[in-house]
Amino acid sequence: MKEWFTVENIELVAAQYRTLGPIIGLLLPFLEAFLPFLPLVVFVVANASAFGLWLGFLLSWLGSAAGSYVVFLLVRHFGKHPRLRFITGSKKVQKLIKWVDMNGISPLFVLLCFPFTPSVIVNIVAGLSHIHKKFYLVVLLAGKFVMILGMSVLGYDLKSLLTSPVKLIIAAVAIVVLWFIGKLIEKRLNARVERDLKQARNLTKNQDHHVR
């Protein structure tokens, strides 16, 4: 990823974006939802550089949110198919599904706000849960709005950012802080998942005991 972040490369990508038009700026973030190894941050920064802050942000936001929602809908429709069991049947995914069903959409919004969250996992878990489709769309749009806007603002004046040591240090610190906060939230959510599921199992056992 590091080789992408030079002034020359980003300006080259931005120039190609301008030549190809806004469709490519919408399409690449859309595809990233299906192919998470693609560098979403590069697409967002290139959009902001090529089309301006607000149009670039809008293209990135709509493309990324649309791709994620299509993944969610596909998983909701085909997730129970036996051939997808290798993805949907893992213990971690099943734990997250149960926990999301118990706690609702708020934790998903928090996760979607952070750029280091694997959104494909969030989309799969949400698709397999019992969250209503309309509710997830609202949460997805809101979470992606926060994340994409933050990346667009950082990448809008990339040349100034990369050539100014002070701005570069501030941006690097901000990224590290976001990564640390994201990991901290992820760790706490994982601990909460285990705790809530354990309490639910104990409650079920107690109810079964009283019935007997």
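Residue positions begin at 1 at the first shown residue.
Yeah, the Cβs are placed from backbone N, Cα and C, and that goes for glycine too.
Where the annotation comes from TrEMBL, it is an automatic prediction and has not been curated.
Look at TrEMBL and you will find 38-156 tagged as domain 'VTT'.
Annotated transmembrane segment per TrEMBL: 20-46 (among others), in sequence order.
Under the heading transmembrane segment, TrEMBL lists 53-75 (among others).
Annotation comment: TrEMBL describes 108-128 (among others) as transmembrane segment.
Summarising the annotation, TrEMBL assigns transmembrane segment to 135-156 (among others).
Among the features that TrEMBL reports, transmembrane segment is placed at 168-185 (among others).
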What residues in the same chain, six or more past the boundaries of the transmembrane segment (135-156), come closer than 8 Å to it by Cβ-Cβ distance? 10, 41, 44-49, 52-53, 56-57, 60-61, 64-65, 68-69, 72, 105, 108-115, 126, 171, 174, 178
So what's the mean pLDDT when you look at the domain 'VTT' (38-156)? 83
